[in-house]
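Undergrad: Have a look at the structure that comes next, please.
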Amino acid sequence: MADKNGFFDLSKTALTRRTALKGLAAGAGLAVAPGFVRYSQAQSSAPIKIGFQSHRTGIGAAYGRWYEKTTAAAVKAINAAGGINGRQVEVIIEDDGTDPGRGAEVVGKFATQHKTDIVFGTLFSHVVIGSAPAAGENKMPYFVVSEGHHVASTKLNRYVFQPGITDVKSQIQSMAPWIAANAGKKVTQIFPDFAFGYDHRDYLPPALKAQGAEVIAQIAIPPTESSFTKYFPQIPPETEVIYHVMVGPAVLTFVKELGEFYGSNRPQLFGFIDSLEATDINSPGLEFLDGSHFWEGSPRYAQPDDSAAQKAYRAAVGIDDNGAAVGDPKDVSTAAHMFGCWETLYVVKKAMEDAGYKGPEDRAKLVEATEALTAFAEGPEHPQGAKTFNGKIHQCFGIQNISKVEGGKLKVVHKTKIEDGLYEAEGDYTTQAL
Amino acid sequence: MHFGPHLLLAALEGLVTSAVLALTALGLSLVFGVMRVVNVAHGEFFMLGAVLAWAITTAIGGHPALGFLAALVIAPLIVGAIALVAERLVLRRLNYNPEATIVATIGMLYIIQQLALTFYGPEARPVEPPFSYRILLPWFGYSGYKLSIIAASALILIASWLVLTRTRIGLIMRATQYDSETAQAFGIPVGRVYGGVFALGAMLAAIAAVLIVPISQAHYLMGQDPLLLSFIVVIIGGLGSLRGTVVAAVLIGMSDGIVSMFFSPTLAKIIATLLVAMVLVFRPQGLFGTASR
């Protein structure tokens, strides 16, 4: 292409000494102008800045959207009640593209460009694992609302916390007795071929074995796969339970194809709701799920015994009794996970208040104050249920729901106890230097 | 499962993949063959077809077949119109310069993807198949709709072949492909042919997407896989060769189905890529392509 306008002709755009001086003068003038240093003079009145690493695009986008809605609702409630330490909370959102590399960049951007007080929010395990080193290097407290065992395994670093949602190891351990007693003893696992899936692969067999059941086959599926029929012949015929935990946009296809393959003559199904998050259970092809069971962190459908706190939370985040956006029944939420954003923000609030947090120089104090937390009572701040927190592994423990698909709805049939999900800590973050 | 039924299932899955792949790759091949434009945005036209199919079926309601048939007609037309506009606004202004059009279509890819994210959203949404009939084999069930995709694709391929070889439009397209300057000298409106071919290529991708959307779902990122596989098919089959496209699509689809079922899906992708490398080394024009003049 011809460079008619001379865009690439450097001789035309070179800086003259005069322009450079002008620019410098203007820059210096801006820096001393009133307003520019306002917040450094009166830091106590500046808002607390929370960097939100959101899955706006990529395979986690549906989660990202609802995580943002939940976060906005929680921040609104916190600010209406006076903020944190008398300061308002401001959320700055950056898209991580559900990509580990981008995730790490976003953490760096929050640290150096936005200068946020903490980073918060992300879900997908590979993004958490990819971003954790950046949080450690920048000494940036990083509160994730993920699910994998990555935080609790103590393989990350002291700046990473997961205080608002339980991890897969705990979830599996607390549900295994129910699966063995009610669904069947011979289990075939189908899981996504990456970090989150590996937690299921590694922790289900021992958990089931302790209950006298066994995993007879494990089928890993690439997370970008869009068709699944070809994997089904690997399911052994003697399978009594298919344990499925799939993520990403193709999950609906997975269930539909499973339905075509088996018809009514299927083994029991036990799934993680991840296989259906943000998906209408009454979608064509999903009739096949009728009578099967799901894990839910927080129930999608309003239950008859919902607490006042749960009802208030649902109203605040704007979901109806079916877990869809108020006013748009087709916009199904990620209810089973997104409560974690709400609860994590209240944990941050509590820890900042305990630490007397004033600004980024108090980040180490914030880490220690978070580690000192031990329990969260059920209530408006923790609508999903009571939790304990282990400061050594930065992980909370709570209850799990097992729900049955009945008449196109999910009905909670079993709630586990906190103790069911407790396990021996694998390490201790508090021994790491800050 | 025993070997026989296992192989049958693998073959069926492979054939469905082949059918959709042949249509998508044909669009890519036509555009390159006639215009010498490597359309990197081809996968996004595929995605648009699926997303529009969802929009149309949701808007129409009633019996699923009604909405589906409407989508099968309307979605490709809309996608074709969008492609035509893009061709007029972008590719023509670049004089179809091969390097410039690659960059331009990469830009189109991102623009279309972001627009889909903005207006359609990040969710994967289902489209109901026009009919749901489960073929019950002794060993497993199989979707009747999936089999109908193979038939539909075969019909469209035959129709494309007839258009290309037996009609005046096909003749004009072939003339433009063979030598656009001479064609212009003989009064063929090459500019309009280019516009039409680009739209047609996009429409073929859209048709493939409408066919597949009831068994997959509409999602704004779904264009990547078909793009990559189409490129593989086009390279193996030979650019601009309809026969090559079909043969390569069947080859890639079947190997994907069978290898990924008996071994692993990653191995299937490795084999496909290796096949591309081998073809490029030993027969750069593709299995059925003609050597460049």
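First residue shown is number 1, and so on along the chain.
Keep in mind that glycine also has a Cβ here, set from the backbone N, Cα and C atoms.
Pasting the feature list from TrEMBL:
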- B:6-33: transmembrane segment (TRANSMEM)
- B:45-62: transmembrane segment (TRANSMEM)
- B:68-90: transmembrane segment (TRANSMEM)
- B:102-122: transmembrane segment (TRANSMEM)
- B:142-164: transmembrane segment (TRANSMEM)
- B:193-215: transmembrane segment (TRANSMEM)
- B:227-252: transmembrane segment (TRANSMEM)
- B:259-282: transmembrane segment (TRANSMEM)
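Please situate the listed features within the shown structure.
TA: Long-range contacts of the transmembrane segment (B:45-62) within its own chain (CB-CB distance under 8 A, at least 6 residues past either end) are made by residues 24, 27, 68, 70-72, 74-76, 78-79, 82-83, 112-113, 116, 120, 125-128, 201-202, 205-210, 212-213, 216-223, 226-227.
When Cβ-Cβ distances below 8 Å are used as the criterion, the transmembrane segment (B:68-90) is approached by residues 41, 45, 48-49, 52-53, 56-57, 60, 104, 107-108, 127-130, 194-196, 198-207, 209-211, 214 of the same chain, each at least six residues removed from its ends.
Residues 37-45, 47-48, 51, 54-55, 86, 90-91, 94, 218, 220-221, 223 of the same chain lie 6 or more positions beyond the ends of the transmembrane segment (B:102-122) yet place their CB under 8 Å from a CB of it.
Outside the transmembrane segment (B:193-215), and at least 6 residues removed from its termini, the chain residues within Cβ reach (under 8 Å) are 16, 19-21, 23-24, 26-28, 30-31, 34-35, 37, 39, 42-43, 45-50, 52-54, 68, 71-72, 75-84, 86-88, 91-92, 96, 126-130, 143, 145-146, 149, 152-153, 156, 160, 172-173, 176, 183, 222, 226.
With a cut-off of 8 Å between Cβ atoms, the residues of this chain six or more beyond the transmembrane segment (B:259-282) that come close are 6, 9-10, 13, 229, 232, 235-236, 251-252.
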Undergrad: Mind checking which residues of the chain, 6+ beyond the ends of the transmembrane segment (B:227-252), have their Cβ under 8 Å from one of its Cβ atoms?
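TA: Distal contacts: 15, 17-19, 21-22, 24-30, 32-34, 40, 42-43, 46, 157, 160-161, 164, 177, 272-273, 275-276, 279-280, 285-290.
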